[in-house]
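S.K.: The following block contains the structure, expressed as structure tokens.
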């Protein structure tokens, strides 16, 4: 690798790790703390969901104007905003219960989401620009650090909360994220590019890209659902402490972290495997959610070992489905006349981030509502159903390739008939 490639890899790895460790600390203890402050399960789902909704809007705007803003400036300013918001979130235990606490949660999480979207949109675009011939391999390798952040965040957050209270996890990890600002200012190279006239609308006119976006939505929806509901379910059902809930989430993060680099390498060396990865990953994801509860109609008693095992299945299948999506969207864009450069990379990264964020909004919002009205088991079943339907759409598109162009909307209705 060249010096620029090495420095870029170090920078993006630090961004992925620090951002995800701060994002994931809420899972083990925040839902329980929010209930004490007067928030219902539906409101907790909305607090998690508003983060994703603002992330969605930020990804679309920042992805479109990444060239004008500057990829390096966008990444560094995003880290700064996110670190300050993480620290401020740790002060919310001092505010009055009820509406004041809930409103401040929404405000701080929303601003934090914009900062996070800036950092992640820039990191995706920069990674693919610096490593144009090994996109899946590099993104898969960088997911090690994303996975490490997701792995270490819940147990560290749960342990700090148990040992020192609500404030310390946010203060400690917020300051750690803040240290990444000068680090990345120093090592991340600058990138110059010309803006293009392409748009998100043109990108979304391709059927293949739309179907991949549906798959991305189901993946992030499942993760958002687990963020908002799993900790309360585990505490109530198995009488676990927040620290052990953090360890429980390792069952989801560890398989994802370990599988991503290998699947990225296979995806780059054998591009024809990407559709199969997405289809099989969707089926495994659906199965994992159906047995996580499990589905009430199966009348299987929920057991801790089954929850851990299904979380492992979901983690591995998410990696199998997610890693091929970005290079597949990018290849489709280039095949349809998009310019090869930072502007197109920003559009693809923005679209990916927006769809991912929309799923992260719908997952906790809808999941929290179903959990409150029915049960966690039924909410998990709905998530599994979403993943299964997305797999049907992907399989339909795969069959359409053998029938012809694979890009006509008419062929989808023909295939269903």
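FYI, residue positions are counted from 1 along the chain as it appears here.
Cβ atoms are placed via backbone N, Cα and C, with glycine included.
Annotations in TrEMBL come from automatic prediction, not curation.
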S.K.: For the feature transmembrane segment as recorded in TrEMBL, pick the matching range from 275-292, 383-400.
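M.R.: Here TrEMBL associates transmembrane segment with the stretch 275-292.
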S.K.: Would you say the transmembrane segment (42-61) and the transmembrane segment (304-323) are in contact under the rule of three or more C-beta pairs closer than 8 Å, pairs 6 or more apart in sequence?
M.R.: no
S.K.: Restricting to CB pairs under 8 Å, which listed stretch, 73-92, 164-188, 209-235, is in contact most with the transmembrane segment (42-61)?
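M.R.: The stretch with the most contacts is 209-235.
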